[in-house]
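A.B. asks: Sharing a structure with you now.
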Amino acid sequence: MNIGKIVQIMGAVVDVEFASEALPEIYSAVKVTVPEQKIDLTLEVAQHLGNNTVRCVAMSSTDGLQRGMAALNTGAPITVPVGPATLGRIFNVLGKAIDNGEEVHTDTSYPIHRPAPAFVDQDPSTVMLETGIKVIDLLAPYSKGGKIGLFGGAGVGKTVLIQELINNIAMEHGGLSVFAGVGERTREGNDLWNEMRESGVIDKMAMVFGQMNEPPGARLRVGLTGLTMAEYFRDVQNQDVLLFIDNIFRFTQAGSEVSALLGRMPSAVGYQPTLATEMGALQERITSTRNGSITSVQAIYVPADDLTDPAPATAFAHLDATTVLNRAISEKGIYPAVDPLDSNSRILSPQIIGEEHYKVARDVQQILQKYKELQDIIAILGMDELSEDEKLVVSRARRIERFLSQPFHVAEVFTGSPGKYVPIKETIRGFKEIVEGKHDNLPEAAFHMVGTIEEAIEKAKALGA
């Protein structure tokens, strides 16, 4: 009764005809299985066209499909395994393990389309999430259940920063992470998987991939698969979960491809008319509840560096903090190469983080801003032309700049220096002392790649010796 037949195939979109009483609902999964041709395809119902026909989006390649083939209405949406068994494994959009390991069997499966938590269940309080990374905690702090945009070009350290966040949350907070690779390079996913295994973090995270070579349906839905796995850890295990999405722009891009194939009229710049709705459906599920939280870090590609493009502009509306990585800073050998003046956070206010933290952060930014303004004069006329006050600002700014760097645990294998997790109190105290001029006598090199201010003092002694 619930078997239909394929009547039309247009690339990644397939029309299937059913008996009138057996029409599948929107978002239902429809399966096409032909063992002798090695076809095992899942479709998701997107539209009802009339005449008992539904239009579906394919989750994998439609190669080998023919009109007249049988399609089974499963009567349920795409469901994926959730729970502790997913940790340390890699999945595709359908929740099938793709790491050549054994099949994952869990007691519980969740549909990938779920409502966002009701307003009464959400936790209205804003609490800072300590990452142990000085530059982030001081100048652009993350909030539990918040959304963070990670901007940066190729090779400035996005992946290493993501790995360190996963490591610190796992080690210091015992928290779990889910990584969703959306429409990015398969090679990068493979590198990440190998690096996670080497750094020993893999047992604290689940990974879901729908990469560049996959059909748009898979790229559009893989973010929801990762989010669904994270929701289980939040709602059932009462965890604070980190959800990494790399790259949120590819989610929108896949939506645009699907929209065109479904015959919808394009909107501004050729994007889908449902752009804001699709983004909202994903982002609204990422939040804090009374049980736990999902904090999401989303890498955002900005097409042609145009921040007004509808795709990044729609993503911005949902963000609580932005972490901007700057190539000029990485060229100075300062890692993490986070731009202290471009990065910002909604929770950088005295009501949330406290008066002392706020004041130190603003003082640090003020000194760095003055230094930035003086750089042209220094480049043309040299340091000697500056007033005594300006020279003091420059010397403190250079110390602050270096003190914003720190050795990472996940980079220990390359650098040879042990990673440092710096508690927020130590971060505030260290920068406060530099701003107040207590360490003007220490050489600049003493502040580079250390954790706390005590380590800088020790390093200065070692340099002096």
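Along the chain as shown, the residues are counted starting at 1.
Any Cβ shown, glycine's included, is placed from N, Cα and C.
From Swiss-Prot, here are the annotated features:
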- Gly152, Gly153, Ala154, Gly155, Val156, Gly157, Lys158, Thr159: ATP binding site (BINDING)
A.B. asks: Restricting to the same chain and to sequence separations of six or more, state which residues have a Cβ under 8 Å from that of Gly153 (ATP binding site).
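C.D. replies: Result: Leu325, Arg327.
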A.B. asks: Just jot down the residues in the same chain as Gly157 (ATP binding site), at least 6 apart in sequence, with C-beta under 8 A of its C-beta; none if empty.
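C.D. replies: Long-range Cβ contacts: Leu325, Ser330, Tyr335, Pro336, Ala337.
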A.B. asks: Have a look at the binding-site residues (Gly152, Gly155) and report the one with the fewest Cβ neighbours inside 10 Å.
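C.D. replies: Looking at the binding-site residues Gly152, Gly155, the Cβ with the fewest others within 10 Å is that of Gly155.
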A.B. asks: Taking the Cβ of Thr159 (ATP binding site) as reference, which residues of that chain separated by at least 6 in sequence fall under 8 Å from it?
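C.D. replies: Correct list: Glu188, Asp191, Leu192, Glu195.
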A.B. asks: May I have the list of same-chain residues other than Gly152, Gly153, Ala154, Gly155, Val156, Gly157, Lys158, Thr159 whose Cβ is within 8 Å of the Cβ centroid of the recorded ATP site, in sequence order?
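C.D. replies: The surrounding set, listed in chain order, is Leu325, Ser330.
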A.B. asks: Taking every protein chain shown into account, which of the binding-site residues Ala154, Val156 has the largest tally of Cβ atoms within 10 Å of its Cβ?
C.D. replies: Val156
A.B. asks: Near Lys158 (ATP binding site), which residues of its own chain have a C-beta under 8 A away, given they sit six or more steps off in sequence?
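C.D. replies: Long-range Cβ contacts: Leu150, Gly152, Asp246, Ala299, Leu325.
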